[in-house]
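The feature domain 'Aminoacyl-transfer RNA synthetases class-II family profile' is assigned by TrEMBL to B:31-433. Per TrEMBL, L-histidine binding site is recorded for B:Glu77, B:Leu78, B:Thr79, B:Arg107, B:Gln121, B:Asp125, B:Arg266, B:Tyr270, B:Tyr271. As annotated by TrEMBL, region 'Disordered' applies to B:403-433. The compositional bias 'Basic and acidic residues' annotation in TrEMBL covers B:420-433.
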There are 2 protein chains.
Amino acid sequence: MYDSVKGFRDFYPEEMGSRRWAMDTIEDTAQRYGFREIGTPALEPTEMYTDKSGEEIVEELYSFEDKGGREVALTPELTPTVARMMVAKQQELQKPIKWVSTRPFWRYEQVQQGRFREFYQTNVDIFGSSEPDADAEILAVAVDMLDDLGLDNDDFEIRVSHRDILSGLLESFDADVDTREAIRAVDKRAKVDRDEYLDALYEAGLSYDDAEAFDDLLETGEDDLDTLADRSETVADATENLRAVLAAADDFGVRDQLTLSLSTARGLDYYTGVVFECFDATGEVSRSVFGGGRYDDLIEGFGGQPTPAVGFAPGHATLQLLCERAGVWPEEALETDYYVLQVGDTRSTAARIARDLREQGHVVETDIADRSFGAQMGYADNVNAETVVIVGERDLEDDEITLKEMDDGEQVAVPVDEFPGDRDRPTFEDFAE
Amino acid sequence: MYDSVKGFRDFYPEEMGSRRWAMDTIEDTAQRYGFREIGTPALEPTEMYTDKSGEEIVEELYSFEDKGGREVALTPELTPTVARMMVAKQQELQKPIKWVSTRPFWRYEQVQQGRFREFYQTNVDIFGSSEPDADAEILAVAVDMLDDLGLDNDDFEIRVSHRDILSGLLESFDADVDTREAIRAVDKRAKVDRDEYLDALYEAGLSYDDAEAFDDLLETGEDDLDTLADRSETVADATENLRAVLAAADDFGVRDQLTLSLSTARGLDYYTGVVFECFDATGEVSRSVFGGGRYDDLIEGFGGQPTPAVGFAPGHATLQLLCERAGVWPEEALETDYYVLQVGDTRSTAARIARDLREQGHVVETDIADRSFGAQMGYADNVNAETVVIVGERDLEDDEITLKEMDDGEQVAVPVDEFPGDRDRPTFEDFAE
């Protein structure tokens, strides 16, 4: 007996059914906005990652030399691949480009609750528009996905911030600040105690007094946002951009679901404008459900032409945690519309009925293992068949079959020639007196 | 600029749309038969493959040592994984087990037309039934998939054979025959010249006279099948089993699409009963489109409990070749229901209309890049928008918008408050006089 590889999961049908529902639901949301599905490879040249992130990234990669001597890696994220694809067709692709895809990615990291080495994400990105409307459309898709999953507005909170407000504020202090370092400290603000946080800002170059002052500025609410503008031109431009994004989000009908939160920083270095993170409103799911934002320099960094970009990538493990907490995750159970049960030599009639029902689009099983009546009933129950169509030799002598509802056990005899007939979904009710 | 890894493909939206249609179509067919989707990992322990197939299989694997010192391989096929999953839950899983999944697999082999190192398959399998009805259900699903893809019965031919008829016939000669070797020779029969074929049978242990006699027997048609039975008990049992499978296929409504063809052998060693291959009826697609059959020993061979099994795994590359040849492959083009075009400052109205149309389930794009009228029209044309909804400042002063049909250029003014209204898919026709 073999074990699966650590951090890699098997999904049996019950769990897979719920996951498929979630994947289909959020892909459908994106597709209604005109995001187009792409298909991408599992392997890329390792240098695609090391050129940009340095050799140390290899520690987090599943990388190896293939039989032809190529250094390759299992893709840890989608962006470098997408950059490569855009370079390959840069003459043909008309902008803005709106792409969506759901697939696994792989990272060699610590396995913990909700974090695996093989993990599934739906990537949603717009390339080629630097307009606030593009940022706002990404926010609108995010909100609509959650809505389509059955979540209410008070189930989640989307916290919106802007990288250039953070970096502009940091640069407005009379100090030599490492803004990347400081923004990483802000990203960890809620996870560490206050002293550690202030120490980190100090390490990044702020005095302790400035660190306190900077932190006070992060508490600025939406109404006072304009008071920040006089700190610097960078901050003024960024607040104007953020306001424009929020105004577009208002037109797009999702403004109420967004909360200004300057202390939302996103840990990753590559963001350049609006950033956001989605949280469980109850805090029960303690980590960020997903996040995203604008990353105007990244495509060029991966060898593409300068291309403004904004996007997000919900991970299906954390999305599931939020849905479960909110009680909207579907029951992990099989669904079967009909089980056609054979008693005696009734296969040809049973097969005809199964075929007719399948042609109507129903999920229909029948006996393919020569089982007894009881064993077939047990199987039908196991796959949660809603209706069992009993095709028995003796019934057929009277040109009848029996419909049995599995939830209440009620049953009715039905003329075999009238079933299923042209009813869309014939059940007990259609034939009971 | 980076190159993709040799044998790995990118799918841009146009091509991906057609591929998604094909994947969804055949998965839907299987699901109506009660096959349940599973999700499986991309990596497995390398020994899962080498224990069964020997160290030489490593040459065909993308295998490597991970950061934790585990020998792992990108999965080249699904069966070992499925065997592992069945062992892990053998107490809970009620048989028959019917599983389906579509995903990429990876093999380091020669890249050629229709063959890649990353390739997509839909695996469809029944575990736990040795009854002919299970074989027949697999054949029925295969035929219905082709039917659902829009193929006619005369577009393809499914050739059915039986491993035990071949091996029984071989053993009935007074010679020490390596049946595996001989069956591999039969599998290559159509691809090599006759001398080479007879040489291969001779190498496997048949005299040249016996090889000719054996080959004559392979030409046995369906009406004469019973004449083979007196060659041996094995052959008698196998012909009876094959007849039972064909009789069940008749009840399942797919008998006419099956052709008896004893020279259909399937190259793989692990088949144990009925085998089949699907071919392009015109021969234009020269290789087998897909194949399958019964493999009752394989699950046990991979460490599972003895479990009868039957299945098939259409590869999406060859399936596409057949669909293209038959003219049923969908046009590789984007589809968009509406483009909502903004002229002047009309975003809030345009957004309201886009939102309403999306809520009706339509694919709707609007301007997110502050483009001119002409650029927006060009984009709408590029994404094949069927209808453009022009929301212009001046029109709005008269409380009107304009609907433009993109195929014929006709347009009509519509009161903004009446659009989209409660029509399912409002177009020019609904408003034209």
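The backbone N, Cα and C atoms fix where each Cβ goes, glycine too.
Each residue of the compositional bias 'Basic and acidic residues' (B:420-433) gets a DSSP state, and the totals for helix, strand and coil are 4 helix, 0 strand, 10 coil.
The secondary structure of B:Gln121 (L-histidine binding site), as reduced to three states from DSSP, is extended strand.
Largest CA to CA distance in the L-histidine binding set (B:Glu77, B:Leu78, B:Thr79, B:Arg107, B:Gln121, B:Asp125, B:Arg266, B:Tyr270, B:Tyr271): 21 Å, whole number. Cβ neighbour count for B:Thr79 (L-histidine binding site) (all protein chains, 10 Å cutoff from its Cβ): 21. Packing around B:Arg266 (L-histidine binding site) is summarised by its Cβ count: 22 other Cβ atoms lie within 10 angstroms of its Cβ, all protein chains included.
Long-range neighbours of B:Gln121 (L-histidine binding site) (same chain, six or more residues apart, CB within less than 8 Å of its CB): B:Leu78, B:Thr102, B:Arg103, B:Phe105, B:Ala313, B:Pro314, B:Gly315, B:His316. Cβ crowding, taken as the number of other Cβ atoms within 10 Å, peaks at B:Tyr271 among the binding-site residues B:Glu77, B:Tyr271. Annotation note: B:Tyr271 (L-histidine binding site) sits in a coil segment as assigned by DSSP.
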